[in-house]
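Asker: Quick one: structure below, then a few questions.
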Ligand SMILES: [Zn+2]
């Protein structure tokens, strides 16, 4: 490559307004995130209409910050990559329309990016990808095992049939009266407690890489409810530890199985739940038993929603010739292909 | 001076390119199809036909609401991104004021309105004073029945303008009788060129800080504020933190 590729990424699929500039798909020049978490805390969860309103307030400012911090001009941009879906439709629309306006104003090629492709490509900002690879994507909205044989080609080999792991975390956290967002609190409590409570693990059919967490969630709620009826007390630390052990057991076991079956060279952890200490530790432990398979876990700031990951994925798609036009739309139910 | 005007605040989508006192072109549709896939192609096509590049624009005018929350956000997001990136000013005009402009040769009061569901409308009261359009009752959301009886008390002719006339004609007629007048179909659609000319006279705003006028708080926020008031707490206890997480 004799000239550098600069890509501006824009991400507004949920409650973070984010923009970033990435060089050659690997080097972060800026990665700006305006977090609305404090606002949504008031409601105990993300309110779509409020999220959309905040995105409009922040969008141009965040993009400007990203451009300034990167020290890059519009004419230097090879492409603009924007999250097209999945996510909250009203929220996605802000990023998509801002990206289109900017693309039009300076005649910059536009690329639509799948949010999960972004999460996976966050890893490329840490280490070069080695194919074939397997990515475990775990976040508030997703629990998926994605197999990649080469750049830009995604094959979902397993996904959740009901709740995403992150959703189960939030619901269990609420039952334990932990503040929003609950995931990090459960992770913290789990470190202090013991996995003494017997909870189910949904393995599903033999050979399936799909997940299911609603049974586990119900089991937690029932156990808490029954104990309360009997006037017994359950230590929230032990419940957190038991719940987390069940989730992690299933996630890690299926990931290892798939890594073996597909003979991958690399396993990538992706998505907000990748910040979970329990998951990181267990995955590292089990992966150490596999020969010649590298495990990559991005730093926390790249696991949660950000735009550098969208720019990283967008760079690859741009190089492969993918383009969007002015009719690009937000697609809340976009499939990863 | 070249002005690009964008209105996606309601069902009618309008784009106009105005140069000084000349309307170079307009695109207006009145179909219930999503704006997101159609606005930028319309902008692109209109500017191409008119032979104007984005860099030649001097001002962006946008209808800032009231209307559909999602619709108004699409127009505002595009307008503020264009204005900021092209380093030109942005102006916002009330979506109702744009519609009221269609009543130019009417001597009484003008009530532009959009259906806001459950018997409610977004409306305001306007009047032409010579060539100047004045607002005499500010934009609001109100029950059509309530609005009609308020107007009746004024005992003057009122021109109702909007594509939702059929939904409320009976109510307005019942209250206002011969004082009520209704714009014909060709004048029911807000014209984006009027938006451009009205915008020309408005105060320039900072693109970053530019936001829609929703008229209403988001439902969750209104409930939350009411609860805070009940508990005698302060209203706006949150901030948005911006970080470079590089
Ligand atoms: Zn995400």
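Including glycine, each Cβ sits where the backbone N, Cα and C put it.
Residues or ranges marked as Fe cation binding site by TrEMBL: A:115, A:119, A:305. Taken from TrEMBL, the feature substrate binding site applies to A:137, A:138, A:139, A:140, A:141, A:170, A:183, A:187, A:276. Annotation source TrEMBL lists domain 'Gcp-like' at A:27-311.
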Asker: Between A:115, A:119, which of the binding-site residues has the fewest other CB atoms within 10 angstroms in the structure shown?
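Answerer: Among the binding-site residues A:115, A:119, the lowest count of other Cβ atoms within 10 Å belongs to A:115.
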Asker: With an 8 Å cut-off on Cβ distance to the A:115, A:119, A:305 Cβ center, who else from the chain surrounds the Fe cation site?
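Answerer: Result: A:11, A:13, A:83, A:116, A:118, A:139, A:271, A:272, A:306, A:309, A:310.
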Asker: Which state, by DSSP, holds residue A:137 (substrate binding site): helix, strand or coil?
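Answerer: It is in a strand.
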Asker: How long is the line from the C-alpha of residue A:115 (Fe cation binding site) to the C-alpha of residue A:141 (substrate binding site), rounded to the nearest angstrom?
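Answerer: Cα-Cα distance, residue A:115 (Fe cation binding site) to residue A:141 (substrate binding site): 11 Å.
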Asker: What binding-site residues among A:137, A:139, A:305 have a C-beta sitting less than 6 Å from any atom of ligand 1?
Answerer: A:139, A:305
Asker: Across the listed substrate-binding residues, A:137, A:138, A:139, A:140, A:141, A:170, A:183, A:187, A:276, what is the farthest Cα to Cα distance, given in whole Å?
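Answerer: Farthest Cα pair among residues binding substrate: 18 Å.
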Asker: Closest to residue A:305 (Fe cation binding site): which of the binding-site residues A:137, A:139, A:141, A:183, going by Cα position?
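Answerer: Closest candidate to residue A:305 (Fe cation binding site), judged by Cα separation, is A:139.
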Asker: Which Cβ among the binding-site residues (A:141, A:183) has the fewest C-beta neighbours inside 10 Å?
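Answerer: Selected from the binding-site residues A:141, A:183 on minimum Cβ neighbours within 10 Å: A:141.
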Asker: Which binding-site residues from the set A:141, A:183, A:276 come within 10 angstroms of residue A:119 (Fe cation binding site), judged by C-alpha positions?
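Answerer: Of everything listed, nothing lies within 10 Å of residue A:119 (Fe cation binding site) (Cα to Cα).
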